[in-house]
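For reference, Swiss-Prot has these:
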ACT_SITE  150  active site, proton acceptor
BINDING   32, 33, 34, 35, 36, 37, 38, 39, 40, 56  ATP binding site
COMPBIAS  312-324  compositional bias 'Polar residues'
COMPBIAS  333-344  compositional bias 'Basic and acidic residues'
DOMAIN    26-286  domain 'Protein kinase'
REGION    308-348  region 'Disordered'
C-alpha cells in the first residue's frame, strides 16, 4: 500500500504484559545481545509463540549496579504509564536468584542502522519518515522530564510495520523535577553522536544534547557517513563545520539545501541558539513533502498475558508485529547444535562516570538486532546465499575476510568472529534444508554500525562469484532480508 511520509505509521497494536513469578509460562528462544553485566533474551509464551517479549537479564554485583538497573526500569516505567509509539516500553521487572530481569517490548524489525547504506545513506523521503518519528519520540520523552543521552542508530529499533522506537535507557536521567530544570554533568553517550558540551566535560542542559544527537543520526541516514569523530577542537572536520568552510565536501554535498539549513540550526555549539524540538517540527525540511513510500505491514502479534511480581498492574501498550512469514515457513534452516561460549564484549547497562568512558558504548551491542540460534529471525539486510555447501562457503568466507585485512577467529561450528580495529561481527552459516543453498548471516557484535556495514559489504564483494544469483529473491520471499521500500515522488514535491 502507499503511505504518505507525512503521516505516522499504523497506530494501535497489541498490548503485552510481563511474565509472572513462574518461569514455566515462557521459554527462551535466543540471545538478542550480550554484555559484560548481562544479556538480552527473546522469550515467548509456551502456549503461543507469537507472544514475544525481550528480557534483559543482569547479574546483581554491587548496590550501585542494582541502583542503576532499577533507575533504568523506573525511567522506562515512568515513560510507559501514558505510552507512545516511538519508544520501547517497559513491561515489568523481577529480581530473583542473584539476577535482575527487565522485561521490555520486543521490536522485530531490527535496528535503524541496518537500513543505512554506507557512503550513500537512504532516500530522503525514507530518512524524513524515520526522522519525524525520532523527533516525536524525543518530544514525548522530554515532555516526561527525561533525557535519553545516547541517541544513535543502534539504539533506534524498528518494527516490521516501520515504526521507529527509541531504546536503551541505561544512560537516561531525570532533567526536570516539578517544573524545575537541573543542569547535568555526567559525560556519557557515544562520542561521534555526543554534543560538544558533553565532550567538553562540563555541566549541560538535557534536551539540547538529544537534539544534537538526532542531527548526527539524520546525517548518517542521508549520507551513510558521520561528519566527525568528535565534536571538539581536536577535530578538524568539526572546526571546518563551525567555520562554514567545508560545505562542498562530504557529507554536506550529499544533501539538499533544506536539510543543510536545518542541520545548521541543530548542530550549533551555541546551546541557546540550537533548535528546539518544536522549532524542528516547523522547519521547511521537516514539513516538505518528499513523496510517498510503498509500505508493507506485518500481522500484529497476539497480546501476551503475564503478571509481574513487582508490577502487578503492568499493562503496557505495544507495537509488536509478527514476521511476514510464519514460524513454520522458517523451519527449513539448520543451525549447529553446539554453540561455543563467546567472550562477552565490554558493556555497561549503567552510566559511565568519566569522559573517556564515552567509548564504552561503542563496544556494546545490547540492541535487539543480534541473532544466534533461530526460531524467530529478525529481518536484516546483512545476509546472502552462496551456491556451495557449508564447508566450501566456510573456507571462502575465511579467505575473503583475511584478504580484506580482518582478524578471523572460529568460535563454534560454522561460526566466525571477524574483527577489524574496534568493530567485530559474528558470522554464521545456515544450511537451507529445502534449497541447495547456504545462507551467510552477519550481525554486529560490537562497534559502530556503519563501519560494520562497510565490513559486511567488503566481504560480500570479495565473495561475489560465490553468491547465488537468485538467493536474494529467495531471502526476500522468506522474510530474511527486507524488500527495499518503494519511493514515489509526488509531481508537486
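Quick reminder: no glycine exception, Cβ is built from N, Cα and C everywhere.
Sequence features annotated in Swiss-Prot and their locations in the structure.
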| residue | record | Cβ within 10 Å |
| --- | --- | --- |
| 32 | ATP binding site | 24 |
| 38 | ATP binding site | 23 |
| 40 | ATP binding site | 24 |
| 150 | active site, proton acceptor | 25 |
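A distance of 19 Å separates the Cα atom of residue 32 (ATP binding site) from that of residue 150 (active site, proton acceptor). When the alpha carbons of residue 38 (ATP binding site) and residue 150 (active site, proton acceptor) are compared, the span between them is 19 angstrom. For the recorded site, residue 150 (active site, proton acceptor), the DSSP three-state label reads coil. Distance between Cα atoms for the residue listed as 'active site, proton acceptor' and residue 40 (ATP binding site): 18 Å, as a whole number.
Secondary structure from DSSP puts residue 32 (ATP binding site) in a beta strand.
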